[in-house]
Amino acid sequence: MSSSPKPEMTLSLTLSPGSTLQEVVNPQERGVRLIQLLLTCAKHASSSNLHRADECLRQISLLASVSGDSMQRLSAWFASALAVRLVKRWPGLHKVLNYTQLPKQDQLGQAQPLFGRVCPYLGFSYAIISRTLIKAMTGERVIHLVDLGSGDANLWIPLLRSFSCLLDGQPHLKVTCMNANKATLEELGPRLVKEAEALGLPFQFAPLNVSLRELTLDKLGVKSGEALAFISILNLHSLLAEDDSVDAHFSHNKTNGIKDSKQMFRFLSTIRSSSPKLFFLVEKEADHNLNKLVDRFVEGLHYYSAVFDSVDATFGGNTSSRERLVLEEMFGKEIENIVACEGVEREERHERYGRWMVRFAQAGFKPVMMWHDSTEDAKQMVEACGRNGYKIVNERASLMICWHDRPLYAVSAWTC
């Protein structure tokens with residue numbers, strides 16, 4: 001099985017003859033110039049040509065702005081990521097410049113709830129998972145659900161309410177929530193227990209303060225007779241982080257053109273050994289797990305340009321909205337990790353669904369068709385959302401959540 005073909009990335013980058021930066025005021029022409037400068041800067045950064053990269057960044061700074069249109073804002077974050085990559089050549093300087101940065105978990109704590117509230121991607125994903133899970137678990141008396149890192153009450157509260165209303169009676173529901181952020185667990189646990197008590201639902205909450213890399217089956221406390229399911233929301237790709245210099249040296253370690261990942265294979269094989277009824281996966285539909293900086297830079301520009309356009313549609317013309325700034329800073333940190341980091345430090349290694357198909361198949365999983373009449377169901381879900389421009393498309397047993405015709409998030413389910 002091969003991965004899905006990469007989209008055509010040919011960009012037309014031409015300016016009117018004789019244009020200077022001061023004359024570039026037309027938004028379309030300015031956008032073309034920014035892409036041109038960003039790609040040139042990425043090439044210089046990749047070849048360690050600091051002086052030329054610095055000159056490109058100087059020119060970009062005259063055109064980009066975090067309070068401009070979507071292309072200007074996107075360019076500002078990509079330029080910042082390139083600057084960080086260059087500064088990291090001086091570790092002491094880079095460390096001092098980051099003294100005032102909020103810890104990553106604090107930043108995510110502010111942005112993730114906002115993302116779920118103002119963008120429908122997670123809402124669509126949760127509704128798809130809930131509907132599939134309820135149907136698959138009907139008739140089971142003891143259900144054990146494992147959250148692999150989301151810790152989002154917006155996923156779990158509706159799920160608890162759905163399980164409490166099953167026609168064949170309420171099951172005993174156990175939720176194990178794995179999260180490296182202890183505060184997330186301390187906030188989520190009491191809230192779910194209180195909700196279950198109000199619903200009269202037999203319920204057990206098991207917090208697990210570890211990362212994906214530290215997770216083992218014995219920590220999950222899986223018992224015989226439990227109907228087991230795992231849910232991974234925008235987190236599994238972090239296990240693909242590895243030493244790229246080793247991968248480059250042993251470049252023959254590929255399957256169907258996909259880089260082998262011993263860590264991912266071990267994790268999925270371990271999960272499969274527990275015989276889960278379902279494994280739900282939500283990931284960005286992008287290919288940022290590429291060794292060459294310029295390749296993932298181009299892929300990142302294509303992907304996040306669509307993301308920023310969808311954010312624009314949400315906030316309209318309000319380019320100074322505090323919520324929009326917080327949300328785009330979260331995306332900016334992702335962009336920085338993709339562009340400025342290498343090796344195990346580069347965790348934002350998103351892959352397309354076609355590659356995940358190969359990885360799950362290697363570990364012994366099979367895809368599950370989530371909906372029988374997905375076209376009509378998806379149409380109703382999007383209409384209920386009340387947002388224009390979004391689509392849910394069925395593709396090879398996955399459901400793609402799209403902004404117009406650009407798939408941005410993939411939801412899939414797997415079984416043994």
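Placed from the backbone N, Cα and C atoms, the Cβ positions cover glycine too.
Per TrEMBL, the features are:
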| type | residues | note |
| --- | --- | --- |
| REGION | 112-177 | region 'VHIID' |
| REGION | 187-219 | region 'Leucine repeat II (LRII)' |
| REGION | 340-415 | region 'SAW' |
| MOTIF | 236-240 | motif 'LXXLL motif' |
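Only residues 6 or more beyond the boundaries of the motif 'LXXLL motif' (236-240), in the same chain, are considered here, and those with a CB under 8 A from a CB of the stretch are 148, 212-213, 259, 261, 263-264, 267, 281, 283-284, 289, 347-351.
Residues of the same chain lying 6 or more positions beyond the ends of the region 'Leucine repeat II (LRII)' (187-219) and with a Cβ under 8 Å from any Cβ of it are 148-149, 151, 153, 156-157, 160-161, 163-164, 170-180, 235-236, 238-239, 263, 267, 270, 273-274. Secondary structure of the region 'SAW' (340-415) per DSSP, as helix, strand and coil residue counts: 26 helix, 25 strand, 25 coil. Across the region 'Leucine repeat II (LRII)' (187-219), the DSSP tally of helix, strand and coil residues reads 19 helix, 6 strand, 8 coil.
Counting residues per DSSP class in helix, strand and coil order gives 5 helix, 0 strand, 0 coil for the motif 'LXXLL motif' (236-240).
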